[in-house]
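Structure first, then comments.
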């Protein structure tokens, strides 16, 4: 195969999933009908040309603008909200100062991953995301196997991310009750039932509420920003403050690692999890107008904005939360923080507000996971691809993909019944699954840059900084993957072990068996 960029094949007009290397990539004769159909679904001429080059038929309506796309990804990331509800590990593994400095270093390093993904989203704005990028940019001899693995890992990562979000929402229901009745506690099976109820409501929004998604996401963006100030200002006014030296310079390790470096590095997984989600908008790229520009802008702007708000909220929490000893005794530090206001009513209001905002992000999480799974099935990367990859012609919604993902979410939610470390497992599994796909896709682009091979044009690109940014992002992703496999504290028992690596390997083995039985990924370059 000659060096240089090679356009992927184009789908035949009948949409049977086969590919035709000879199909034209610019409108002519038989393509004019596809162009007309594509334009009726919205979008620009550039969107149509991108879909032609990628070999995809336009099946979604393109009704997302920059602001609604920005709201989609910003409310999924919900960094300041998750800083409050999910960083209990950071207090144990590093203390106040450890959490503060780890947030700075992790978000700075992870920004290279976001920038690398944003450039690829501009090159190939498709709902498939990582598995398509791997297929398009990888060496031909490894193309199918790497793309196939990437598709499975992306689905696993988004599925675990969705379940972890539902898990947080279920425990926030208990937090709302505890605001007025501190002694009440749900059993594990009751938490599971609450998770299923939340998931059911999320499914309804992702099916018959989909036509209102753009308006919902724009409203979510407004609520995300206003909610930040509504929570932050009363905390600074009502809470007693910790000393600056304690916040910025006092490192402590209560994890059992007996090594501050190890404790510090394991806690970065949770900080990264708070910043995950920039690529969620990639998986609705086929619903975004002018996607090759809007999608990367939404990714980068949302990351910068969310990290900024998250950093300010982290400082607020560290100053206002009180003695570290009280914090590490609680599984959910935000409960301790809100109690410090001295107002049960305000405590309850904060919990309800957080629940609503995180739930809006949960709607986005299911939409993202379902779109990616639908796209992977469209390219025949999953068993029962014809069923999962079906698009309802009337609603322009992949109903079956939504239902299948929701069913697996129900199964994965059962982890919390048998494990004391369910949330830790879900966070590690989400991070492990998604970062492995980031590493693969970035690595493929990095290899092409090192070899001096041509890349497809990007309307939003990294220019001459692409090589060093890709190189650092690739190495950092591999570094984090290693720590996803570590336990958070020592000693470790069966009930609190990190089972995420085992689940990850099991899914890889399952995918390998299915591949051996004849499931073929049809994406090729």
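Cβ from N, Cα, C; glycine included.
In TrEMBL, annotation is done automatically, which means it is predicted and not curated.
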Residues flagged as transmembrane segment in TrEMBL, choosing from 325-347, 348-370: 348-370
Annotated stretch (transmembrane segment, per TrEMBL) among the listed ranges 4-26, 27-49, 96-118: 96-118
Annotated stretch (transmembrane segment, per TrEMBL) among the listed ranges 371-394, 467-490: 467-490
Leading stretch by Cβ pairs under 8 Å, where the reference is the transmembrane segment (96-118) and the options are 348-370, 401-419, 425-447, 467-490, 502-519: 467-490
Distant-in-sequence neighbours of the transmembrane segment (221-239), which means Cβ under 8 A and at least six residues beyond its ends: 67, 70-71, 74-75, 78, 80-81, 84, 309, 312-313, 316-317, 319-322, 337, 340-343, 346, 350, 353-354, 356-357, 360
Chain residues in Cβ proximity to the transmembrane segment (502-519) (below 8 Å; excluding those fewer than six residues from its ends, i.e. six or more beyond): 148-149, 152-153, 156, 380-383, 385, 425, 429, 432-433, 436
Surrounding residues of the transmembrane segment (64-84) on its own chain - C-beta under 8 Å, 6+ positions past either end: 168, 213-215, 217-224, 227-228, 231, 273-278, 280-281, 284, 287-289, 294-295, 297-299, 301-303, 305-307, 309-310, 312-314, 317, 333-334, 337, 354, 357-358, 360-361, 364-365, 367-368
Contact call for the transmembrane segment (145-170) against the transmembrane segment (425-447), three or more Cβ pairs under 8 Å: yes
Distant-in-sequence neighbours of the transmembrane segment (401-419), which means Cβ under 8 A and at least six residues beyond its ends: 159-160, 162-163, 166-167, 188-189, 191-192, 195-196, 199, 202-203, 206-207, 366, 369-371, 373-374, 377, 388-389, 425-426, 495-496, 499
Top partner of the transmembrane segment (348-370) among 191-209, 300-324, 425-447, 467-490 - counted as Cβ pairs under 8 Å: 191-209
Among the ranges 191-209, 300-324, 467-490, the one whose Cβ pairs under 8 Å to the transmembrane segment (425-447) are most numerous: 467-490
